[in-house]
Amino acid sequence: MSVTINAGLEGIVVAETDLSLVDGKNGYLVYRGNWAKDLAISRTYEDVVHLLWRGHLPDERESEAFRAELAARRKLPDYLKTIIRALPPETDTMSVLRTATSAIGDRSFAWPPTFEQASEILAKAPTIIAYRNALNTGRDPIEPDESLGHAENYLYMLHGEKPTRVHTRALDAYIILTAEHGLNASTFTGRVITSTRSDIASAITGAIGALKGPLHGGAPSEVDTMLEEIGTKENAEPWLRQQIEAGERLMGFGHRVYKTMDPRAVALRQVSDSFAGEDPWFDLSVHVEETAVRLLSEYKPGRNLYPNVEFWAAAVLRGVRIPTDLYTPTFGLARMAGWSAHILEQADKNRLIRPESTYVGEMPKAS
């Protein structure tokens, strides 16, 4: 009997969700009935987390209460600082975040997952990243400021000074637009772990491990590397032609789901406009985008390869002075909103996720 195998589970629907709609054909991204691009302009990250977890956008009172709850959970206990300090200097920040997150889950993190558990992990993620970054760069770690919002406090802990409103809004937009995106590899990992009735800290630790893979979370820093190699507008076309003709992938272009413009890339390009004139990198990014789209259409007609979220994420993260090695960890702290929402949703109507495989090896020889 023949069996249809969908490698990578492509096209397989394994869950119903009311968290988000990712429509690759039309270029739609919806969070619980709201356009993600509109939320990025009008709301804070905390408001979007509330939407994903609680099912509605908060009113002013709810917004302030939720923001205060998250802010109060930001500080790291001494044992967690000791663990972070004890990790070898060569340990990358994603591995630090993974290890520290697993250590947050004490005996109180039992099944089923709760909003309080999710808040504890999400609130501490920026502090973990900033704390380790300070150690790596020979500086004293900066304690979180409860008076600042999630994005603003992260930049404050990284740089030691309160960011401008432009930088705060730019980072808020980025972490809102990357907060949730359906059953991607890391989110699916989190749901699989949750389906075993394991705790939320274990599920998010697994999700971080999946995001660490370069095919999922590593592209923004690789976009930076590509733009550095290109260097100038004049060098863009010959460099890009050489890459395409050599069969190399252009980082930041094309997407597994989107067959049109990635709506997150469209929104982040608009956010990047705020850095125009501040950094020549923005002008180079615009030129490379336009040139690459033209050349991809020429060399690969009908493929519909457009800039994805990683291309313009690189411009935004550079604009707000996030170090390149923190691009993926910053993606991770943003996606914790979506991971947690999916974990809570999975637990609510849980069924063990257990797909099958088809054996293609040899059978035992007849005796």
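Note that Cβ sites are derived from N, Cα and C of the backbone, with glycine treated the same way.
Fair warning: this is a prediction, and the values are worked out from it, not measured in the lab.
TrEMBL lists His255 (among others) with the feature active site. According to DSSP, His255 (active site) sits in a coil region rather than a helix or strand.
Taken from TrEMBL, the feature active site applies to Glu310 (among others). Counting Cβ atoms from all protein chains shown, Glu310 (active site) has 26 others lying within 10 Å of its own Cβ.
Take the CB of His255 (active site) and look out to 10 A: across all protein chains shown you find 19 other CB atoms.
DSSP assigns Glu310 (active site) to a helix.
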